[in-house]
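One structure is given here, and the rest of the page talks about it.
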């Protein structure tokens, strides 16, 4: 009996009792669907996060800020003053001396101070004032909908607006906004005197679930706003920075971890952009992990259906099995016939579950892009890869095969003479 004959026999025998087989296939299909749609969502969300990380900057981009020693401030016993520590303000900011030492760390390059910059509001053609969250373009690139990135050098006062500010400020579209100017208001921390700066809109960024409505201002505009904020302050306070951004020269995971420990000993907290989105990935993975567990439970329940279906099939075909063995069919081939039946049940159930998941995923993607994901360019909520699809099929077929080994083993052990006398 050739392999093709065994496969044909298994496929034919599988449908002797259509109702029983269909119910078992449906049970496996439900488990396959749950796992497939969950893996698709996980792949889609994490894929979008990876794109956002790639758009923002290199893997080695790091933000370094002084770490406030909250442990000492919360101790039960008085702490002695150390004259070498400097003032409390120095502990919370990067002074010129600290900046110089950070630039001397051989593992870092492109060390740039992050300015303390505060914008009161922005105002567009409709004269309505809106508060805005913005930062300089130090080490940052954003996913653009229109225009180009804000200048990192030079004297041009430019801004890349978050997409949600376009209509709010009075522009008809992102295309119409690029090239126009807006007013940026900032105040002095010392005198509370407010000044207006004219900035040119050079780009509009796509919506982002990671950076929200963050806008980007050119370095020249950031310098101007910072100068307004510091107007009237003592010179010593003007030279303090919130932190620095830097790029790790060899950004391997081991080197980044080692550098973080080294900076921690010097009183700094270092974080890469990958660290910032790591928590989001953990939440997504945790939610999808729970759903995959539910899918696995459904598959375990379905495996009992496979066992029941094949046990009943062995019982119904006892005389047929006895006849095949009497004609010389070996135990191994009998086992293989029933194993093929279990594999076919797993294959059909997994294919149907995946096809339904793909169809639903296509519908969900269209609905999402027109509703709660509107404006998030490049975000495909449910995304399937051939590798994940093949893995799901293989795993489900393996589970079905293992479930079918018990009835297949029983069929292989049947005595031909006893089986032929079975009524």
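Cβ from N, Cα, C; glycine included.
According to TrEMBL, the features are:
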type: COMPBIAS; residues: 67-77; note: compositional bias 'Low complexity'
type: COMPBIAS; residues: 78-95; note: compositional bias 'Polar residues'
type: DOMAIN; residues: 21-264; note: domain 'MacB-like periplasmic core'
type: DOMAIN; residues: 292-416; note: domain 'ABC3 transporter permease C-terminal'
type: REGION; residues: 67-95; note: region 'Disordered'
type: TRANSMEM; residues: 21-41; note: transmembrane segment
type: TRANSMEM; residues: 290-314; note: transmembrane segment
type: TRANSMEM; residues: 335-364; note: transmembrane segment
type: TRANSMEM; residues: 384-404; note: transmembrane segment
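Looking only at the domain 'MacB-like periplasmic core' (21-264), the predicted model's pLDDT averages out at 83. For the domain 'ABC3 transporter permease C-terminal' (292-416), the DSSP counts in helix, strand and coil order read 102 helix, 0 strand, 23 coil. Taking Cβ pairs closer than 8 Å, the transmembrane segment (384-404) reaches residues 28, 31-32, 35-36, 39-40, 43, 299-300, 303-304, 306-307, 310, 338-339, 341-343, 345-347, 349-351, 353-354, 357-358, 361 in its own chain, all 6 or more past its ends.
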